[in-house]
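First the structure, in the form of structure tokens, and then the observations on it.
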Protein chains: 2
Amino acid sequence: MGLGMHLGAWRHREGAATDYLDLDYYTEIAKVAEDAKLHAVFLSDTLALSEENLQRPNLGALDPVVVLSALAASTSRIGLIATSSTTFNEPYNLARRLASLDQLSRGRAGWNAVTTFVPDVAANFGTAALAEHDRRYEQAEEFVDVVVALWRSWLDGALVGDKAGGVFADPARVHPINHAGDRFTVRGPLTLPRSPQGHPVLVQAGSSERGRALAARSAEIVFTAQNTLAAAWEFSRDLKARAQALGRDPDDLKVLPGIVPIVGSTRAEAQHRKAELDRFAGDAELVKLAVRVGVPVSALDLDKPLPVELIRANTEFNASHGFRDAAVRLTEEEGLTVRELLYRNGGGHLQVVGTAEDVADELATWFTSGAADGFNLMIDELPSGLCRFTDGVVPLLRERGLFQHDYTGRTLRENLGLRPPPDTPENP
Amino acid sequence: MGLGMHLGAWRHREGAATDYLDLDYYTEIAKVAEDAKLHAVFLSDTLALSEENLQRPNLGALDPVVVLSALAASTSRIGLIATSSTTFNEPYNLARRLASLDQLSRGRAGWNAVTTFVPDVAANFGTAALAEHDRRYEQAEEFVDVVVALWRSWLDGALVGDKAGGVFADPARVHPINHAGDRFTVRGPLTLPRSPQGHPVLVQAGSSERGRALAARSAEIVFTAQNTLAAAWEFSRDLKARAQALGRDPDDLKVLPGIVPIVGSTRAEAQHRKAELDRFAGDAELVKLAVRVGVPVSALDLDKPLPVELIRANTEFNASHGFRDAAVRLTEEEGLTVRELLYRNGGGHLQVVGTAEDVADELATWFTSGAADGFNLMIDELPSGLCRFTDGVVPLLRERGLFQHDYTGRTLRENLGLRPPPDTPENP
């Protein structure tokens, strides 16, 4: 969430460019989403100012936990999911911060655990070079284990709260975690008891081999870039099989592909909206695609397919495998030109340009075929694109019995159909 | 802020022991304070669960930035000051987090920069031993410099926001900080522009030699434990002289002693309130005093003075000098027994037990004599003790022309009479 997923949104939309710093703006969006009974607000995180961030408002410039904490006060049912890096945080601080949000929101928090691959960020944290991809994931695994163990360090009923008897907590139900691993040494316990949902919902977004392994082991939601139904279906099947092989119930892991809906009252109007957004973006979407696939922008020709061999030849590639692989696959399977790819692949995610019916059809197909358990909406422009979705697409999905008329539970975990964490201490 | 500064508050007060986890509780307190036109809400921070924290609700169990971010949404004028450690954070993350709060609150944030001296905390951050006192302050100096430089990395007017012309920011007004110091290497710039108040107000609480040096150099507010008027006056004079020697205007540094008002409709009623709170606290206040002065609790006798020689003999002492020195001074100058000291020294801060007039008299004396530029209210029990203060003491201070009838500015900095930061990049 920011001024919109589309890089031209800030110039196309009504409202000031400074809205991305304004709490009223975020509150309006959260309330529209909550009125429509969407499950959660999901915020990204950016730990450096890149050159690109001087060209337009930056998704993630504000600390997402700060924004979501403010939204905890102005909403009551919608989930609040913050992205936060396992590469540049201390696990105790992060566990406590998310647990605090979970308490104040009465069990509506989620944590999207990401590894960070941006050299601009490393320069802000005294790290000369970033660890290569697999090493980042090794660290992420240990980090996630520590955070979850801290979240479970108070068992249910540990907070007694007996004022008359003077018994605040039951020490027998509060456990240090005594973690001493390769990268972290953390004694615990956390400063906070379990929240109404046990602990924040654990979200991950890795699509590489290591990313999938981590997700299968611990994620409850997986956010993924999938541009074709077949690829999404395969990805979901693979992830759930891995989870099952580790003794988990595959239903405990929900796979949510990202989707960029560009909705119009007619297809022509939707295409016009996209063309206007594109006009304001200039070549920014092309530059972003080049970075995502790891080649210079000069290697891309709008009227030719992606240079797949050149992409594969880049052995230094250290960024998100999910985005790169989705773009390559779409190119190879459908023979798209870069121009066509940009149309279908909105900033790396599936883009659907059309009427509310078109979008509802696409979502329904993915959902009913088992390619998706739901979707992460990447709204083109905020709040207008969200209103087009909630006013147009949501009612159609409800008619088809595919979307909730109201929240079914009080916590994010309940609303997502996820089970509470076990009531046992978990030492990593 | 929590369930109250007094360790017996959680049992004495109305309301559940779990209120310290409840956003409604914090919102109520902030609104009472804002209705009375108090300048700010000031939250502490606790990075570990100690045994004591299983005996009563913990001031600072929740991440203070999370609580204050939520309060940014439910208040509009009051300042929001978060304590956060220079020992266990990354300066880039902290600078961005506080700047985010400052943006969303439209210029109402403050940062109380503390060094952390609790071994329980070190165990949660993979640090076998804590750096000794002076080394912590060396790190704090560099940390504060980096944070302030990041806050100033966007100059005024850097965010252009010209949608028609497609000019979002002026790169000539956004500067990397290129800090490469003994402990931190941070390139910058920050992800965020300056806020309506420039950047968060900088608060510090050090009373040792190194703490005073740091405060004189960079603090805008100094929070201090002072138990006698003479000591407070000396402290303030010393700090302002140090600031002046460094080329600062002494008015740019506001000294706020902590005060614990225990207010009753009569003196007897106030004493009864204190006795009831004490009864619920048991020996907890005595234990806390022993920790604060660095001796075993068995060395304290309620009917004798503090064992000053034993306290001075503890060369291993590595905690707050301010609390220890205030208690020692009160003992030496007034010959108090430990019992009397506990009565006057509420959790380390000056305690005044009496009517609203008594409290107003004490505050007026300190303020008009130049011993204090204001006070940090440490409320015995929340929210009841705050209401006693705002209903009883605030109107008396207004009658005497000593307290504002309304906020005078839009930002915390304006309301405190502090000047905006210079519009120049500051490289540490």
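Cβ atoms are placed via backbone N, Cα and C, with glycine included.
All TrEMBL annotations are machine predictions without curation.
When B:Thr18, B:Thr75, B:Thr83 are compared with the FMN site residues B:Asp45, B:His133, B:Tyr137, B:Ser207, B:Ser208 in TrEMBL, the one appearing in that site is B:Thr83. Sequence-distant neighbours of B:His133 (FMN binding site) (same chain, six or more apart, CB under 8 Å from its CB) are B:Thr115, B:Phe117, B:Ser208, B:Arg210, B:Asn318, B:His321, listed in sequence order. B:Thr83 (FMN binding site) falls within a strand segment according to DSSP. Overall, the recorded FMN-binding residues B:Asp45, B:Thr83, B:His133, B:Tyr137, B:Ser207, B:Ser208 cover a maximum inter-Cα distance of 20 Å.
Local packing around the Cβ, expressed as the count of other Cβ atoms within 10 angstroms, is greatest for B:Ser207 among the binding-site residues B:Thr83, B:Ser207, B:Ser208.
Around B:Tyr137 (FMN binding site), taking its Cβ as the centre, 20 other Cβ atoms fall within 10 Å, counting all chains.
A C-beta separation below 8 Å, combined with a sequence spacing of at least six in one chain, links B:Asp45 (FMN binding site) to B:Gly60, B:Asp63, B:Pro64, B:Ala82, B:Thr83, B:Ser84, B:Ser85, B:Val114.
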